Amino acid sequence: MTDEKPRSHGRIKVQVSLQPRDLMEEPRRVKGAWEARIVTLFPEAFPGVLGLSLTGKALDQGLWRLETLDLRTFGEGKHRNVDDTPAGGGAGMVLRADVVHRALRQASIGVTGERGRWPLVYLSPRGRRFDQAMARDWAAADGVTILCGRFEGVDQRVLDHWGVEEVSLGDFVLTGGEIAAQAMIDATVRLLPNVLGNAASTEEESFSDGLLEHPQYTRPAVWEGREIPAVLMSGHHGEIEKWRRAERERLTQERRPDLWEKRKP
Ligand code: SAH
């Protein structure tokens, strides 16, 4: 039951064989590609939006890999039960420690025990809030394993046993971790080398250096009587840079005084 292999959503076949001939034939970029392993009751929710656009193209190209482990297959008994009522009473159901444990054990196969190289995460509104710095850390690792909760959450003992890091998408409560997982993986994958067409575009965007992004404009030059700021049409790159910088600072001060304060030495 527990020896079922994680299902691969990567559409490129990655050879596990280590024969030199295979290594030669395999595109280099596929080897050691960054990997997301998702433990979920709803594997059919993946790749979801991650299968579209730039993240989807990168998945097709093998620039990253996605594995889902169906929590149901680790369930108890004939009905593969995964949850039970909360100890102490109260509403809802809780995912069982033994069931989640079997899934995490399967998910840990072939993964370095060094959490810096491969974070083990439970998505939870109680967790540390996900941000761009965490996306950068994850992108610099070899991969990440993400446990998606459902119902009232997961038995605390299995989280303690594995030393799982709890991470939140924000101060709101979702029905399950799957949407949060996709948001976090999206933010991470776009930071991997060669995923975005224009690599420079991650350097100037919001949060990359503690500032929000400047406003963007494109054709038509006049729309509903509104013009594009003249400086952007001037062709003076120095002036354009100055304007953008000033706008980034203005917007950050106005909208996110918390970020602005943090930037000050
Ligand atoms: N009873 C829990 C909420 C459970 S919501 C509480 O009050 O904290 C069900 C599942 O959705 C959670 O186990 C978690 O995996 C996921 N989830 C809900 N909100 C989330 C958030 N803000 N960030 C990440 N995951 C979340």
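Every residue gets a Cβ built from N, Cα and C, even glycine.
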Checklist entry - To which of Gly149, Gly163 does TrEMBL also attribute binding of S-adenosyl-L-methionine at the site defined by Leu169, Gly170, Asp171, Phe172, Val173, Leu174? => result Gly149
Next on the checklist: I want to check the contact list for Gly170 (S-adenosyl-L-methionine binding site): same chain, sequence separation of six or more, C-beta distance under 8 angstroms. What comes out?
Outcome noted: Arg129, Phe130
